[in-house]
Amino acid sequence: MALNFQPSLIMLGTYFDKRRPLANGLAAAGSPVFLSSLSPLGQVLLEKFGWRGGFLIMGGLLLNCCTCGAVMRPLDMAKKKPKKGKKLLDFSIFSNRGFIIYTISKFILVLGLFVPPILLVNYAKDTGVPDTEAAFLLSIIGFIDIFARPACGMVAGLKWVRPHVAYLFSFAMLFNGLTDICSARASNYTGLVIFCVFFGISYGMVGALQFEVLMAIIGSQKFSSAIGLVLLIEAFAVLIGPPSAGRSRAAKQNTGVGFASIPWYCRYRGWAK
């Protein structure tokens, strides 16, 4: 997954220009489709084939990424001689102030972005929600996310919105952070469903806009290096955020603490200018 994610984003930037925000939104909608079906599908596969058979089937589904990659072609089919001395990663992008602020913001964002999907089911069980209904909460997030991403991409592509897409992304981060903070007030299944709806919207907005904003900041020429470095830095945030939230939950026996302890990243949005 890690090896095909970055090239697919770079190819989108190559194929599209005018409709790139919508293309990013539609492409990003594939992730919530799998998220909404993962919980019930995983349960069925576990019951019928066991965990080994279930993982084999999941692996077969992921092999379809090879098929998708096979249909991608360079727009310029003419053979060009590779430039000598071309760097694999262009670290000169760190001289761009906007890129530095974007990277810091994304690091703080990712610290808490994946905490709710990871801890949500256990939190619901702790509040007395049955296992089946608790697992269904992830499907709600995924279903809302399916429509939020292309819709946000469509809005971002409007001629009077696109020049200010960074502000829209700033709002998405703020919205996501405030949603996480308010999640600590959800003490029953109805409250959790409402949280999942708003989290799905904010999560979809972030997913649809994050790479469009990066392209606007850094440009298409250095986008491949920029996205590689951003994803590398984000990986450290993913390693820190969810385990830290899980440790907070274990210490305080309250998953809501884990939800609300991370989203202070919503304040870091001044880079939008």
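Just so you know, glycine gets a Cβ as well, placed from its N, Cα and C.
According to TrEMBL, the features are:
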TRANSMEM  21-41  transmembrane segment
TRANSMEM  53-72  transmembrane segment
TRANSMEM  93-115  transmembrane segment
TRANSMEM  135-158  transmembrane segment
TRANSMEM  192-211  transmembrane segment
TRANSMEM  223-241  transmembrane segment
Taking the transmembrane segment (93-115) as the reference, which of 21-41, 135-158, 192-211 gives the largest number of Cβ pairs under 8 angstroms?
192-211
Is it true that the transmembrane segment (135-158) and the transmembrane segment (192-211) have 3 or more CB pairs under 8 Å, sequence gap of 6 or more?
yes
The transmembrane segment (192-211): which same-chain residues, six or more beyond its ends, come within Cβ distance under 8 Å?
9, 13, 21, 24-25, 28, 31-32, 106, 109, 113, 116, 120, 123-124, 127, 129, 137, 140-153, 156, 165, 168-169, 171-173, 175-176, 179-180, 182-183, 186, 227
Contacting positions for the transmembrane segment (223-241) when only residues 6+ beyond its ends and CB under 8 Å are counted:
5-6, 9-10, 13, 87, 89-91, 93, 99, 102-103, 106-115, 211, 214-215, 217, 262
Residue list, the transmembrane segment (53-72) vs rest of chain: Cβ under 8 Å, 6 or more residues beyond ends.
1, 4, 7-8, 11, 42, 45-46
